[in-house]
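Per Swiss-Prot, the features are as follows:
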REGION    1-20  region 'Disordered'
TOPO_DOM  1-57  topological domain 'Cytoplasmic'
TRANSMEM  58-78  transmembrane segment
TOPO_DOM  79-99  topological domain 'Extracellular'
TRANSMEM  100-120  transmembrane segment
TOPO_DOM  121-138  topological domain 'Cytoplasmic'
TRANSMEM  139-159  transmembrane segment
TOPO_DOM  160-193  topological domain 'Extracellular'
TRANSMEM  194-214  transmembrane segment
Amino acid sequence: MSTVAQDSAPGGGKIQDAMEQGAPGASSAAVVPEGGHYTQTPSPAFQAVKKNINHMSAFSLGLRVAEFVLSVIAFSLMASADQNGAVYSTFTSYSFVLAVNVLVVFYTIGQIIMSVLLLVSGSTPKKIYLFITFGCDQLSAFLLMAAGAAGASVALIINRGGVTDAYGNGCIDGKITSFCSHAQASVAFTFLSFFCMVISSLLGVYSLAPYLIL
C-alpha cells in the first residue's frame, strides 16, 4: 500500500526515480535507509580534512615527544640548580617554572600514549577528544609562557646584581654562577616547549575545522 500511495502522490514517483537514477537536481548527500528517514553523508571537503588529520598524526606525535623531552630537561635543570645555598625554591618564579614543566611532562605522556594508540588502530579521533585536547593545549601553552616570562625576569634581576645581600653580586662574582646557568637554561627550554605547544594548539584548530565550518 505504501508503494501505491507514493506513486499516486503528485510527483512522488518522479522524485524517487530521479534520486535512484542520479538525475540532475537530485541530492547526492541524502541517503534513505530502510526506516524511511533521511541522513546526511559527510561532504567531500569534510572527508578530505579528516583524511589529512589522520596523515598528521605522526607529526603530532613528534611534537608531543619534543614537548616531553624539552620539559623534562627544563625541570631537571631547575631541580639540580643548587650552589652556595641558592636553590630554585628560594625564588618563587623558579618554583613556578619547575611546577609547570612537571605538569606538562605528565600531560604529554598521556598525549603520546593516545597518539600511539590512534596511529596503531588507524582510527580518527573523536570530536570530544579533539575539543578536550585543544583546551588542554591552550592551557599548557599559557602556563609555559607565563612560567618562562617569570623565570626570565628573575634571571635578569640576578644577572644585574639584584640579590646582592644573600649572594654577593648574583651571577657576576661567581658565587652562584652554576646556579644561574642551570636556571637560565631551564627557562630557555621552557620557552622551547612553549613554542612546540603552540604548534600543537594550531594543529588542534585544524583538526576541529571539520566540526566547526564544514
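Cβ coordinates come from backbone N, Cα and C, glycine included.
Keep in mind that this is a model prediction, so the values were computed, not measured.
For the topological domain 'Extracellular' (79-99), the list of distant contacts is 146-148, 150-151, 153-154, 166-167, 175-179, 182-183, 186-187, 190: same-chain residues at least six beyond its ends, Cβ to Cβ under 8 Å. Over the topological domain 'Extracellular' (160-193), the average per-residue pLDDT in this prediction is 79.
Look at the topological domain 'Cytoplasmic' (121-138): DSSP puts its residues at 13 helix, 0 strand, 5 coil. Taken residue by residue, the topological domain 'Extracellular' (79-99) breaks down under DSSP into 12 helix, 4 strand, 5 coil.
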